[in-house]
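S.K.: The following block contains the structure, expressed as structure tokens.
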Amino acid sequence: MVKTEKCRIIENKKVGPDFYRLKIIAPLIAIKARPGQFVHIRCSGPAGILLRRPFSIHKINNANVSAYQRINVSAQKQGWIEIFYKTVGKGTEALARKKPGEIINVIGPLGNGFSIPRKINSAILVAGGMGVAPLLLLAEELQKSNCKLQKLNLNPSSSIQHPGSRIIVLIGAKTKKELLCENEFKNLGCTVKVSTDDGSKGYKGLVTGLLENVVRRTSYVIRKNKRSTVYACGPKAMLREVSRIAAKHKIPCQVSLEEDMACGIGACYGCPVNTKQGYKLVCKDGPVFNAGEIV
Amino acid sequence: MKLTTHHSPLTTDLSVNIAGIKMKNPVMCGSGTFAFGEEYAEFFDLKEMGAIVTKTITLKPRKGNPPPRIKETYSGMLNCIGLQNPGTEAFIRDKMPVLRKPGIPIIVSIGGETEQEYTDITRELKGVRGVSGIELNISCPNLHPHLSPLPSRERKEKERLRMFAQDEKAAAGVVRRVRRITRLPLIVKLSPNVTDIKIIARAVERAGADAVSLINTPLGMAINLEKRTPCLSNTTGGLSGPAIKPIALRMVREVYNTVRIPIIGMGGIMDARDALEFMVCGAKAVAVGTANFVNPRAIPEIIDGIRKYMVENRIKKIGLLVGSLKAK
């Protein structure tokens, strides 16, 4: 029954031009949440903001103590979750003004997250802009999963840069300044490649161009094993292109969608996405869908 | 001095009877904001509600409008869902068994584009166990595109199909036809998109309605200035939330002064005080809509708040509040 939590803010800090990281104590959500799921937050601040705002879960930390012990540990040691967000309007701006110690009302975890096939042995994660948010948690889960991910050597001829990596992360942004989470993914042991629209860092062009290159170079390995998956989150046009590339190379692909939402739980029918089986709801049936399903 | 809530709670009676529908408290959900109940069962025990009003069903399944279907506005939201629903047959087969479980009155909201469609659904609902009443949604603002740049002939065609609730004869006509074929309590949902809601209310009362519920959403619009396009796929949408409460209160009062049948009041109720204001204006029961999206526990919290208010103000029967507005 419990799905609403009043969460104390541990940290809400600015980490870029319009980017913020919000860490909140949410032991119940932290225990249940899966990568790709989201939380629905009341950003209430100035009068006039009515609806909650959905944010995908970026990091989870489950306190490694029993409920009994938890009574005596400091707030920081309780289970927390982190969301990574960009201020794009009144709701997120109100959220950005919240201070540590304040309480916010959170519903979650909501929706269906990414699924990790049991026999998966490698993965390509494609993030456009804020799309990194749910993918970091996914990368962590993939690294933790027991299945044996196989090395995907991007450059057989050159010296091996990331010997243990079975996860390739492609991050795209407009400029170098807006590239997000590069180090976080590297710290998890992923191979990270970046693209910028203006070429200020990495591949010049769209992240989908980068994906095309990577898939072409690794598709032999991927196809032979048939056990890789592409996971993507980002703008709609990017997701469409990622789906196309994955389909062309016959790699399973999951995409995380975003849509304006009211209730977040499947009651208002406000966030439809057109699928082969008709309209489905991003909040309840998604936000993660198999790319092939989407029309 | 404040009295505590444990002060003789047994003597506070929240029960109401709307046209034969016995509710243990006057709080229900607004059609379309609660789907078919399942989603909210995760947040509270649905037994606590006075009644459930289903999302509007149509005879055949309806796909609804394409996205974007919602847009937040100041203290409110616009929606143009377009009555997405599985159709009457699937509703009876798949949704009714779940809805029956809490054992509270179920009011089925029905919608259609023709009188025939309303009577066909009513016939299909005949004898379905657990249906306590029918709400005729004759006021959905999102069935047809408004203001869209359609070719003139097509536009004329569409305009003929405007909502029943905007014309007293059309409204009375559909009520009369449904009235003839059912003994179930008949609630008629009225639209605020009219010159004078009193005329429509009187017309449906005469045609045999047992109660009226108001208000459905006023039509509104939101604009994306960068793209110079409407924000919603259907151009216009129904406005809901606290932004419309003053309009709703005024209309409830007007209708209360006009008809004798009970009124179910709604429009921007966010908390118990809002609900009580509607009752003071003349609503015998209230429906909570958009608040469910913001706070999934809004309904049980509002019921608790009403009870607390009654105890604090020594009101023994909720009915004593209804229409108790004093002249200024």
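In case you wondered, yes, glycine gets a Cβ from its N, Cα and C as well.
Curation plays no part in TrEMBL annotations; they are all automatic predictions.
These numbers come from a predicted model, not from an experiment.
According to TrEMBL:
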DOMAIN    A:2-116  domain 'FAD-binding FR-type'
BINDING   A:R53, A:P54, A:F55, A:S56, A:G91, A:T92  FAD binding site
BINDING   A:C263, A:C268, A:C271, A:C283  [2Fe-2S] cluster binding site
S.K.: Of these binding-site residues, A:P54, A:F55, A:T92, A:C263, A:C268, A:C271, which are close to chain B by the rule of a Cβ under 8 Å away?
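M.R.: Out of A:P54, A:F55, A:T92, A:C263, A:C268, A:C271, A:C263, A:C268, A:C271 lie under 8 Å of chain B.
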S.K.: Cβ distance under 8 Å to A:R53 (FAD binding site), same chain, sequence separation 6 or more: which residues?
M.R.: A:H40, A:I41, A:C43, A:G91, A:T92, A:L95
S.K.: Which residue among the binding-site residues A:S56, A:T92 has the fewest other Cβ atoms within 10 Å of its Cβ, if you could check?
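M.R.: Selected from the binding-site residues A:S56, A:T92 on minimum Cβ neighbours within 10 Å: A:T92.
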S.K.: Through the lens of DSSP with three states only, how would you label A:T92 (FAD binding site)?
M.R.: helix
S.K.: For A:C268 ([2Fe-2S] cluster binding site), write down the residues of its own chain that are at least 6 apart in sequence and whose Cβ falls under 8 Å from its Cβ; none is a fine answer.
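M.R.: Once residues fewer than 6 apart are set aside, A:C268 ([2Fe-2S] cluster binding site) is near A:M261, A:A262.
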S.K.: Enter the number of other CB atoms within 10 angstroms of the CB of A:C271 ([2Fe-2S] cluster binding site).
M.R.: 28
S.K.: Give me the DSSP three-state residue breakdown of the domain 'FAD-binding FR-type' (A:2-116), ordered helix, strand, coil.
M.R.: 20 helix, 45 strand, 50 coil
S.K.: Quick check for the class: what is the C-alpha distance, in angstrom and rounded, between A:F55 (FAD binding site) and A:C263 ([2Fe-2S] cluster binding site)?
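M.R.: A:C263 ([2Fe-2S] cluster binding site) has its Cα 13 Å from the Cα of A:F55 (FAD binding site).
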S.K.: May I ask which of the binding-site residues A:C263, A:C271, A:C283 is closest to A:S56 (FAD binding site) if we compare their C-alpha atoms?
M.R.: A:C283
S.K.: Can you tell me the CA-to-CA distance separating A:C271 ([2Fe-2S] cluster binding site) and A:P54 (FAD binding site), as a whole number of Å?
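M.R.: On Cα coordinates alone, these residues lie 12 Å apart.
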S.K.: Applying a 10 Å Cβ distance cut-off over all chains shown, what neighbour count does A:F55 (FAD binding site) have?
M.R.: 24
S.K.: Report, in whole Å, the straight Cα-to-Cα distance of A:C263 ([2Fe-2S] cluster binding site) from A:P54 (FAD binding site).
M.R.: 10
